Amino acid sequence: MSRPASSTPPGRPQPRRGALTPTLIVVALVVVGFIFFANVWTDVLWYQQLGFFEVFLTENLARIIIFLAGFALMFVAMFYAIRIAYHARPVYAPDSEIRDNLNRYQAQLEPVRRVVMIGLPVLFGLFAGSAAASQWQKVLLFLNQEPFGQNDPQFNLDISFYLMTLPFLGFVTGFLISVVVVAGIAGILTHYLYGSIRIMERGIFTSRAAQIHLAVTGAVFLLLLGVNFWLDRYSSVQNSNGRWAGALYTDVNAVIPTKSILAVAAALVAILFIVAAVIGKWRLPVIGTAMLVITSILAGGVYPWVIQQFQVRPSEQTLERQFIERNISMTRAAYGLDKIQEKRYNATTNATTGALAPDAQTTANIRLLDPNLISDAFSQLEQYRPYYQFPSALNVDRYEVDGKVQDTVIAVRELNPDGLSANQQSWLNRHVVYTHGYGVVAAKGNKFTADGKPEFLQAGIPSTGVLGNDSTYQPRIYFGENSPEYSIVGAPEGSPHREQDRPAGKEGDGETQYTFTGNGGPNVGSFFNKVLYAIKFQSSDLLLSDGVNAESQILYDRNPRDRVEKVAPYLTVDGNAYPAVVDGRVKWIVDGYTTSQYYPYSQQEQLSAATADSQTTAGRTVALPNSSVNYIRNSVKATVDAYDGSVTLYAWDDQDPVLKAWQNVFPTSLKPYSEMSGALMSHVRYPEDLFKVQRELLGRYHVTQPDNFYTNNDAWSVPNDPTVKEEVKQPPFYMSLQMPDQDKPAFQLTSSFIPQVVNGTARNVLYGFLAADSDAGNQKGVKAESYGQLRLLQIPPEAQVPGPGQAQNKFNSDPTVSQALNLLRQGASAVLNGNLLTLPVGGGLLYVQPVYLRSTGETSYPTLQRVLVAFGDKIGFAPTLDEALNQLFGGQSGAKAGDFANNGQTPPPAAGGSTPPATGGTDAKAELKAALDEANAAIRAGQEALAKGDFAAYGEQQKKLSAALQKAIDAEAKLGSEGASPTPGATTAPTATPSAAATPSPSPSN
């Protein structure tokens, strides 16, 4: 038969059909490799520019070395297991059927045998190396560990053994066991494939070489298993599976001795395997292995179960007492609760005249602005341009104003690229022109204007106020919580400005331009760097645009928390970074924690669950990761400059052994806190997430007597936030207050406790009040002695002090309050409950809640209209806090609130919350009708003004509305006096459940 004619012309070479696939593979590998290189090299540039290249180099060298060690161990063990088994193969298989089957398998494998013998160890080595490299922190902590100077109560070993040595030994042992198991399986399969192990009718045949190989492998495995059993003895004090953490009675008297026996038994059986390899008889190691398995089941499982069920359970409280004591003391030490100051607080519920006189300074500082509701007011009054924004939750800090410390609600005006109009949405605008925000905006926490707006301390464009101006501090915000992914800044000297800086003025249409002059990011002027960053951010514009010049810098990774996490990978970063004006710069202050889950006898806590509250649920604060810890320290205070992004880490808890170990690893990355300026010291706060973890633990661990702890009769819970619909915990609150044992007020972080919530129900009465001193002083490098001091007020149950839920219910169900709030709701306005603050003043507990009104419309914002207060069973309700307190405390509280200057802006209530006797029901009804008509007219006029954007007219109508409401309240009180209805001030609140219409609405964001 003739061969088909070729389609290729004579003389032309035949094409190589197989060349395309390898070429594509090579090209793909080159592309992937260059992308990987681009990401690595840009990281190098980022760390070098920031001054933390040591961190990048140390971490990645550690990862590489550990990866190579893990890869080498797995590769060598697996390769030689396969190689030894292959070279030990018999020349002929005695059984013809088996020989035929093996020949068939071997024939299929032979063409790729060398590839498989090397490829499989390489593949498993890559997996093993990657797994090992992820444990780099354990390795470095072990190599650089520092002693705690404290020993555990069971083995009397330094705590550092459990936090830094035992995790490393556990990792190494577990890794080696995995290597031996994988290598052993590979050896067995190879022996079987080449006939050294054969399954026959008479049993399993094993060649002499295979016996020796398997015996040695088994001996090594058993020796490692014995080491693992021995280490398990120490791990028992880290046990968190029981009712209490640590080694309990059964662990100490059954599990630990059993682990010792099993460790010795495993070593003996390993010796039997070696003997079997020498003499060729397997009876003893087989019997030994069987006995080891039986012993591990009986002694490791059955025996401890018998002890627990028949010895411990009948007398659990007695037998576990000393171990509960260990759990209590070690948990309190691990979480920094061992130095808490506890005080019995015999709180009164009687609101007597002048009761607040001893707490005059605290009363004057009570915060009325809710940082979670006032953001829209900041936006409407201070945003100026659509491309600016404020965060949904503002921050609470303090500044010295006129010689006095003033609680302040503060935020920075950040850039919002999404606010650009459609015709502005170009790459050049988003990354070269609009690059930064501008200015700090701050308002007094305890005051507001007569029409309910914030009273600003710092505001405007240009930025002016008590915190400084453009000439005294740098107002530009290049690094913030909502900054763009990246921006290109900088230009040669003398070049025209390209960056949009700020509006020329509030009313003017002009804009000013600016050129970044700091050192904020890697240089991106060279062609090579342009290519790298174009690949990193997948943008050809970055490579081709004329907006990138020889002096250009690229700013990225701009979130303060992200920057701290990158330069300090060993820290867990607090969910709330906050800005402060410090030494002429805007600094983001970030708290960092060193944590561990290996502290002996300490209770485990899930960070995400312990720190969850209404703030994290609503997304206002970043939630912490879902990781377990049983040791935590606020070891680092970090600052991130909002202008150039520079990061400074201060060793705040310089006595923390974990931090000391990391300082040994990264010796140049942290500065001592003695280098912190006085201005920075004055803005340091006690961190929220640490406080939330501590209060969660205190719910149980305020009890230190083991018998009471065992019964759990005095356990507490953090109350739910009564201002939101969801059943989530109330967040802690920053405020300036004076605790009963303090000489003067201090900036503190506070929370309260109610009886333990069981099956979703609890008595909502106060059992405890916790405050953490957040005042670090204002001296350079000197930490105030009182900073971080936890103070716990324990309230006796018989005091019957209402909890936050009860206080909110009293507000909602009071008929006078309901009437006024229903009037405020007319005209489609929403009534918003502000944060419900709890303060230990007047010999009892005072509740304060601002009430905001928000009308409909895109340009509306909340204005503070009323203040609710409660003390015991009485409540007050007035346009100002000062007036409400006077209502509550018999006409005169004894102290002035911060908003006392606003008194009289609306008709005040009668002294003591009472009204003169009505002269006639007809007159009172007429007054009430007239007041309601005035209120309705003011609401309608306000809505019309708001629709026109006339905020001045809207403010005037709000004043008229407030005055009309007060007239209505007075008129209703006159009518009520004739029918014995409650008066509007200082009334005993009914406990009836309010109607839906009479209940103040929670914040819409919740």
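Backbone N, Cα and C atoms are what each Cβ position is placed from, and that goes for glycine too.
Since this is a predicted model, take the numbers as computed values, not measurements.
Residues annotated as transmembrane segment in Swiss-Prot: 18-38, 64-84, 115-135, 168-188, 211-231, 260-280, 287-307. Sequence annotations record features per position, and here Swiss-Prot assigns region 'Disordered' to 490-519, 896-923, 975-1006. Annotated compositional bias 'Basic and acidic residues' per Swiss-Prot: 495-509, in sequence order. Summarising the annotation, Swiss-Prot assigns compositional bias 'Low complexity' to 911-923, 979-1000.
A Cβ distance under 8 Å defines the sequence-distant neighbours of the transmembrane segment (211-231), meaning residues of its chain 6+ beyond its ends; these are 81, 84-85, 88, 166, 169-170, 173-174, 176-177, 180-181, 183-184, 187-188, 191, 259-260, 262-267, 269-271, 273-274, 276-277, 280, 282, 285, 292. Distant neighbours of the transmembrane segment (260-280): 208, 211-212, 215-216, 218-220, 222-223, 225-227, 229-230, 233, 288-289, 291-292, 295-296, 299-300; these residues of the same chain sit at least 6 beyond its ends, with a Cβ under 8 Å from one of its Cβ atoms.
Residues 531-533, 535-536 of the same chain lie 6+ residues outside the transmembrane segment (18-38) yet bring a C-beta within less than 8 angstroms of a C-beta in it. Long-range contacts of the transmembrane segment (64-84) within its own chain (CB-CB distance under 8 A, at least 6 residues past either end) are made by residues 117-118, 120-122, 124-133, 135-136, 139, 175-176, 179-180, 182-184, 186-187, 190, 209, 213, 217.
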